[in-house]
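Student: This structure is in structure tokens; I'll ask about it shortly.
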Amino acid sequence: MNFKEKDPALWGAIADEEQRQEETIELIASENIVSHAVRTAQGSVLTNKYAEGYPGKRYYGGTQYIDVVEQLAIDRAKKLFGAEYANVQPHSGSQANQAVYAAFLKPGDTILGMGLDAGGHLTHGAKVNFSGKLYNSYSYALNPETELLDYDMIRDLARKVKPQLIVAGASAYSRTIDWQAFRSIADEVGAYLMVDMAHIAGLVATGLHPSPVGIADVVTTTTHKTLRGPRGGLILSQAENAKKINSAVFPGTQGGPLEHVIAGKAAAFFEDSQPAFKEYAQQIITNAQAMADEFSQLPTVRVVSGGTDNHLMTLDLSQTALNGKQAQELLDSVLITTNKEAIPNETLSPFKTSGIRLGTPAITTRGFNADESREVARLIVKTLLNPEDEAVLTGVRQRVKELTSAHPLSQLD
């Protein structure tokens, strides 16, 4: 008896999700579509093996081949980013950040990170998160006129609050970040500099965004998003920080590593190092910029900061009849997947928001080009401006199916 026959309820849910991914235009900026190699590695027998510790220094026997896999992931990550040290064990970006805080700080120390409505992440000091509960957290905002990072404003705030650690990097910021400016601020106030490049790591790896590696004291990232790997985390740093970061990950914040996921990371890092991946990463940016440009020519909606330098953008809906939650649900109904997102100086709750976030990694993986990305922008605005016109919504839904049928997931290796 096969899986489908043994457990039809679970099989059915997985099959339904597979169909949803096949039929929808996926614009959640933190999502992508992994290769067959990544899925094979992650679904391998490595899931059976417990391996507390690090290569060559485990607490269990039978880890000789696990060590090979993890060392491959470490070496490939170091080469990909030009780093002296890499830890591939964090289960997620959030746990990578948690381990860094544990390595460099003590509870009650002050951290300074980007606010949520400016595009920051929960783990950058949000009061509802461990980072805002265990540490004395402050947030910097964007310049209210330009909607860009204002390094003079950040410097003034850093001088005032005197953080032990400054977090640079974002979850929803569409412009190039000046790592050297952050380094200068951190040096002036005597703070460590941590960069969370989770969203842009694939662009950094291909030289399409400046790299923080070697500038920051420590760099964290997820391994999915623009890296197109399995869901997981990664920490990069200088060799001198290896011991305290390793200890903070294990045994400090985690137990046994997920070696099947680490195998998926190794597979992804290999793919990310190939020339074709740089072409792919460039197309991600090209598609995002085409989409942002199209929005600028359409009524009612506005791209925060006026455009994008990377893979994502936040769409300000405050001049429409919809909030972010309503827009997300409406777009879901026409098979376009997005997520609600706070805009700078947000006035609505995090459960509603005044914007939506859009990203192009997944559609670029499917093979969408710039013209198709522009069309997707037009379909989004058409939907948002006609929320109750079933004829319009039906037409959009049909066009989405045509676009996704032209780029089936089955074509991917």
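Cβ from N, Cα, C; glycine included.
Sharing the feature lines straight out of Swiss-Prot:
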- Leu116, Gly120, His121, Leu122, Ser349, Pro350, Phe351: (6S)-5,6,7,8-tetrahydrofolate binding site (BINDING)
- Lys225: N6-(pyridoxal phosphate)lysine (MOD_RES)
- His224: site 'Plays an important role in substrate specificity' (SITE)
Student: Rounded to whole angstrom, what's the largest C-alpha distance between any two of Leu116, Gly120, His121, Leu122, Ser349, Pro350, Phe351, listed as binding (6S)-5,6,7,8-tetrahydrofolate?
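Tutor: Output for (6S)-5,6,7,8-tetrahydrofolate binders Leu116, Gly120, His121, Leu122, Ser349, Pro350, Phe351: max Cα distance 16 Å.
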Student: Tell me whether the residue listed as 'N6-(pyridoxal phosphate)lysine' sits in a helix, a strand or coil according to DSSP.
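Tutor: Reduced to three states, the DSSP call for the residue listed as 'N6-(pyridoxal phosphate)lysine' is helix.
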Student: Which one of the recorded positions (His121, His224) has its C-beta surrounded by the most other C-beta atoms within 10 angstroms?
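Tutor: Most Cβ neighbours within 10 Å: His224.
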Student: How big is the Cα-to-Cα gap, in Å, between Leu116 ((6S)-5,6,7,8-tetrahydrofolate binding site) and His224 (site 'Plays an important role in substrate specificity')?
Tutor: 21
Student: Take the Cβ of Leu122 ((6S)-5,6,7,8-tetrahydrofolate binding site) and count every other Cβ within 10 Å, whichever protein chain it belongs to.
Tutor: 17
Student: 10 Å Cβ neighbour count around Phe351 ((6S)-5,6,7,8-tetrahydrofolate binding site)?
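Tutor: Its Cβ has 9 other Cβ atoms within 10 Å.
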Student: Roughly how many Å separate the Cα of His121 ((6S)-5,6,7,8-tetrahydrofolate binding site) from that of His224 (site 'Plays an important role in substrate specificity'), to the nearest whole number?
Tutor: 16
Student: For the residue listed as 'N6-(pyridoxal phosphate)lysine', write down the residues of its own chain that are at least 6 apart in sequence and whose Cβ falls under 8 Å from its Cβ; none is a fine answer.
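Tutor: The list for the residue listed as 'N6-(pyridoxal phosphate)lysine' reads Ala29, Ser30, Glu31, Asn32, Ala198, His199, Ala201, Gly202, Pro361, given in order along the sequence.
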Student: Would you identify the secondary structure of His121 ((6S)-5,6,7,8-tetrahydrofolate binding site) according to DSSP, in three states?
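Tutor: Assignment for His121 ((6S)-5,6,7,8-tetrahydrofolate binding site) reads coil.
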Student: Can you tell which of Gly120, Pro350 has the least company, meaning the fewest other C-beta atoms within 10 angstroms of its C-beta, among these binding-site residues?
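Tutor: Each of the binding-site residues Gly120, Pro350 was scored by Cβ atoms within 10 Å; lowest is Pro350.
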Student: Leu116, Ser349: which of these binding-site residues has the highest Cβ count within 10 Å of its own Cβ?
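Tutor: Sorting the candidates by Cβ neighbours within 10 Å, the top entry is Leu116.
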